[in-house]
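Colleague: Pasting in a structure now, in structure tokens, and then I'll have a few things to ask.
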């Protein structure tokens with residue numbers, strides 16, 4: 001009789017979590033081990049490097065002239081991303097047309113609010129892609145790669161001013177070293193201006209474009225944390241490791257921290273559906289930018305005016321780089337990301353030294369780039 005009462009008591013105990021907050025633990029996949037992460041890091045490093053060097057090389061061989069429309073490159077890359085994503089979704093459906101159609105209707109068409117969420121990082125990416133091309137058209141790849149790391153600083157500033165976020169002394173040291181390193185690289189760039197000049201280069205415009213990119217990334221980091229706070233408040237006090245693991249406060253040194261949060265949220269939305277949501281918004285945003293800025297030129301000269309194999313290579317780097325960024329954000333922690341950034345800085349600098357006879361890498365650049373790499377690794381080595 002007592003045993004029956006105990007059973008009733010056990011069965012009447014309310015669960016710690018409501019039904020809609022069930023935890024689904026995914027067993028560790030064999031592919032998501034160290035080798036898989038190294039593959040993503042190496043691929044991402046090569047894509048970043050190829051994009052920076054090729055974009056600059058087009059400007060270099062054309063004597064400083066912009067021979068193609070940057071907005072068409074961004075629009076075309078967004079279209080390629082959508083195509084790649086649809087192909088991956090089709091593969092996930094085991095190449096079944098009915099399953100593929102059901103997946104698109106259920107997870108994409110019938111979820112307009114999810115699509116609206118992804119419009120934030122989508123617009124950010126399109127703006128940054130256009131600014132990146134402007135910056136690379138006016139700066140050498142090494143200076144560009146180092147200066148873009150200022151997005152770590154801008155993200156920290158947004159957090160501190162608007163959220164009252166406090167940072168450890170180690171992170172303040174890393175931010176200070178980052179600033180000093182970038183400043184040293186700019187001194188090298190000024191020295192290069194006196195050593196060698198390229199017709200059509202506008203150093204000030206390139207720096208402004210990079211700084212705007214960093215500010216946009218900083219705002220994305222701030223936006224991400226705001227959304228995280230709202231989600232945590234809506235949890236009504238329920239705390240469990242699965243959510244803490246997915247929604248940890250991380251400031252990353254690459255664009256799209258808000259997108260990273262969406263990829264790592266506790267919903268069941270698949271990676272490629274998230275990508276399709278974002279890239280679809282990207283096509284609309286890039287198409288609007290293309291229409292507003294270059295519609296007259298496109299009507300007169302055609303959409304592919306000035307295109308050659310090198311420009312299509314830029315489209316490829318930009319397209320697959322965007323797809324790989326989603327893999328980076330989904331499966332890699334901050335140290336892997338910062339290692340990819342640091343490796344790209346070194347690789348771009350070495351290639352530029354041999355490929356461009358107008359690149360000047362003095363002691364200021366070597367010292368500044370080393371400081372930036374050290375600062376990135378130090379900043380992301382601090383546990384949150």
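Placed from the backbone N, Cα and C atoms, the Cβ positions cover glycine too.
Pulled these features from TrEMBL for this protein:
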type	residues	note
TRANSMEM	34-53	transmembrane segment
TRANSMEM	146-165	transmembrane segment
TRANSMEM	172-190	transmembrane segment
TRANSMEM	202-223	transmembrane segment
TRANSMEM	271-289	transmembrane segment
TRANSMEM	309-328	transmembrane segment
TRANSMEM	335-354	transmembrane segment
TRANSMEM	360-379	transmembrane segment
Colleague: Take the C-beta pairs under 8 A between the transmembrane segment (172-190) and each of 34-53, 309-328, 360-379. Which stretch has the highest count?
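Modeller: Against the transmembrane segment (172-190), the leading stretch is 360-379.
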Colleague: Below 8 angstroms Cβ to Cβ, which residues of this chain, lying six or more residues outside the transmembrane segment (309-328), approach it?
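Modeller: Cβ under 8 Å, 6 or more out: 40-41, 43-44, 47-48, 50-51, 54-55, 57-58, 61, 67-68, 73-74, 76-78, 80-81, 84-85, 125, 129, 133, 254-256, 259, 263, 271, 274-275, 279, 336-337, 340.
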Colleague: So, do the transmembrane segment (360-379) and the transmembrane segment (146-165) meet, by the test of 3 or more Cβ pairs under 8 Å (sequence gap 6 or more)?
Modeller: yes
Colleague: Which stretch from 34-53, 271-289, 335-354 shares the most C-beta pairs under 8 Å with the transmembrane segment (146-165)?
Modeller: 335-354
